[in-house]
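> What TrEMBL records for 65 is active site, proton acceptor. Positions annotated as active site, proton donor by TrEMBL: 98.
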């Protein structure tokens, strides 16, 4: 499984931690930056990760900034990308099970490294439920296509 991961300066430490832990677990992980704690613009890294996912060069993406919101907003501007903000185990499961998200976002100021890793693993190991959720995603896809 290929995972693209990116952060701004606010998510740098959590990104490094998740990158290393996912490599240890055998995932193929692409680090899309940032590579320092220097102040930077989060959309640049959302663009890199979302592009890899959109073009099927990565199966999933992980984005991290201080709140997670900016990254989530930026990633969701890409056709075919569904990014969900993760803040607990239940949401980590539901964004995949119900919404078939292909990118997740974390707010580094609001989650521990251990919880972020646990939530990432829940997300990666959850299957999309399909059924009524497929109908709902079709409606969202129509919105995306028409706007």
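Yeah, the Cβs are placed from backbone N, Cα and C, and that goes for glycine too.
A quick note: this is a predicted structure, and the numbers were derived from the prediction, not measured.
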> Tell me the Cα distance separating residue 98 (active site, proton donor) from residue 65 (active site, proton acceptor), rounded to the nearest angstrom.
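Residue 65 (active site, proton acceptor) to residue 98 (active site, proton donor), Cα-Cα distance: 24 Å.
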> What's the number of neighbouring CB atoms sitting within 10 A of the CB on residue 65 (active site, proton acceptor)?
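There are 29 of them.
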> On the three-state reduction of DSSP, what should I expect for residue 65 (active site, proton acceptor)?
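SS state of residue 65 (active site, proton acceptor) = strand.
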> Compile a sequence-ordered list of residues in the same chain as residue 98 (active site, proton donor), six or more apart from it, whose Cβ lies below 8 A from its Cβ; state 'none' when nothing qualifies.
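In sequence order, the residues whose Cβ lies under 8 Å from that of residue 98 (active site, proton donor) (at least 6 apart) are 129, 133, 136.
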